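In what follows, a single structure is set out as structure tokens and then discussed.
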């Protein structure tokens, strides 16, 4: 039951993020629905593809499809200042989606007997894959590759799952809460992963 | 036999649209062939992936591969003013491709026993998936997400197929003709789906 | 044993090219690893998808995963002038990767009994697919579609494989050496495939 609640929260948050990106890109209502669906379900489909589960499994999620549809329709119709309110809470719900999708993806791959590398990839794809496809369809560079720490918490969560140390329901809750907290702190304090900006400068310097 | 003729028209129209996009992006002849093939066959491959059919089925379409190859080679070689003539007729043949691919994709998913949501996705992907991949490979925002009504007619066609009300050959022809007509009217009268442009303005206003 | 050595060289060269593109785009360390992995393993995964082999086969390449990880970590840490040295040799190793991946992909599809068209696509995807995904994730137009002749050597190699004339180990070596040489000459002499630039000019002229 708990996974169901977490999945509904995650699906709504991801569908909304897709819908907002589509509206920012001036896409029409078809684009809004497409990006919303892709963000919410693309990661799971992609994970099934890479870990060898049937992709057609995604069609069994009828309830979540309806949840996403209703959510996006509301998003498209509500007054602007309500959308603004969303911005304050959106990142928090998105973090819940990230955590629950990543941990579930990891557990799925673990149960299917895959090695640690596949468990991590399954967790990251389930958590971040939808957002990457969303950004590509919006003509943007994938957000997770260059903004505040996002995917790394999915990596960490799936890594812990992959070690096989998570057994009880309570341990799963603690892991989920930990990921949500770390992701929230990443936004509040604008944590960033290291990058090699100077490399770029060097290239430019060399070309001039 | 009729499907074969429609498939040949659709494959040619889609291959040409891919080839033209590639030429506009100054891609070389490899890029021209690649974008043409991706536009013509990418949607069907993507649909097979999502509805759980073997993707390797696409290799059985040897005749259509040859049709696409010859079509693109001609496109690359003919004088410019003939290409101009194409522009007048291209959208009409493209509409035939959209209609026949969408309806066939929907019928395929229906026959495989999938729910309405999957039938719609299968129809839309078969009709529009190739064009989306083409635009991504050309570094563009997918045309179907923000221009005149295109994908929505695939949605509508697949929806009608998914309701299971299409039984006879005649009904299929009427459906196909209806989609082609609606798509053609969309171009002539520049119909557009609603979008939330003001949302964008609000964001910009807020950031300034 | 020889394939193993070639695969290690190719994996390292492809992982490095992904890591460099990610650094040029100012991606963080997660983006560096992701683009590196995608470049090195994305082509093979994509090929398995299209020729109907299990995609989950990729998880058996544990050793190559580790090779790629170590390679990219070194890339992220070494001083700049060593990276510069790489640029001189990188294209050569990349050509080895292109040749060995394309030939292996083609042989795989041939052994699975596919027609010539599928053998060519399998070879091209294995050799170039990773680089295409890398460029899409970097928000770039795929390099292989518009720069010096690259993919065409994979096409040629896979075509020769698909003819079934390659039987002995020696013939494979000659084919590999030929592809590496042709690719190297393409860079040195800046060979380019024909494109239709004038077409673009015409379109622009017409619109003005």
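A Cβ is built for glycine as well, from the same backbone N, Cα and C atoms used for every other residue.
Fair warning: this is a prediction, and the values are worked out from it, not measured in the lab.
What TrEMBL lists as domain 'Glycine transporter' is A:5-78 (among others).
The transmembrane segment annotation in TrEMBL covers A:6-23 (among others). Within the same chain, residues 31-41, 64, 67-68, 71-72, 75-76, 83, 86, 90, 93-94, 96-98, 100-101, 104, 130-131, 134-135, 138, 140, 176 sit at least 6 positions outside the transmembrane segment (A:6-23) and bring their C-beta atoms closer than 8 Å to a C-beta of that stretch.
Residues or ranges marked as transmembrane segment by TrEMBL: A:30-46 (among others). For the transmembrane segment (A:30-46), the list of distant contacts is 10-11, 14-19, 21-23, 55, 58, 61, 64-65, 68-69, 71-72, 75-76, 101, 105, 125-131, 133-134, 137-138: same-chain residues at least six beyond its ends, Cβ to Cβ under 8 Å.
Within its own chain, the transmembrane segment (A:58-80) has Cβ neighbours under 8 Å at 7-8, 11-12, 15-16, 18-20, 23, 29, 32-33, 36-37, 40-41, 44-45, 48, counting only residues six or more beyond its boundaries. Annotated transmembrane segment per TrEMBL: A:58-80 (among others), in sequence order.
Residues or ranges marked as domain 'Glycine transporter' by TrEMBL: A:92-161 (among others).
Residues or ranges marked as transmembrane segment in TrEMBL: A:149-166 (among others). Within the chain, the transmembrane segment (A:149-166) has long-range Cβ neighbours (under 8 A, six or more residues past its boundaries) at 98-99, 101-103, 105-107, 109-110, 116, 119-124, 126-128, 143, 172, 175-176, 178-179, 182-183, 186, 191-193.
Only residues 6 or more beyond the boundaries of the transmembrane segment (A:172-191), in the same chain, are considered here, and those with a CB under 8 A from a CB of the stretch are 6, 91-92, 95-96, 98-100, 102-103, 148-150, 153-154, 156-157, 160-161, 166. Under the heading transmembrane segment, TrEMBL lists A:172-191 (among others).
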Query raised in the report: Reported in the order helix, strand, coil, what are the DSSP residue counts of the domain 'Glycine transporter' (A:5-78)?
Result: 65 helix, 1 strand, 8 coil
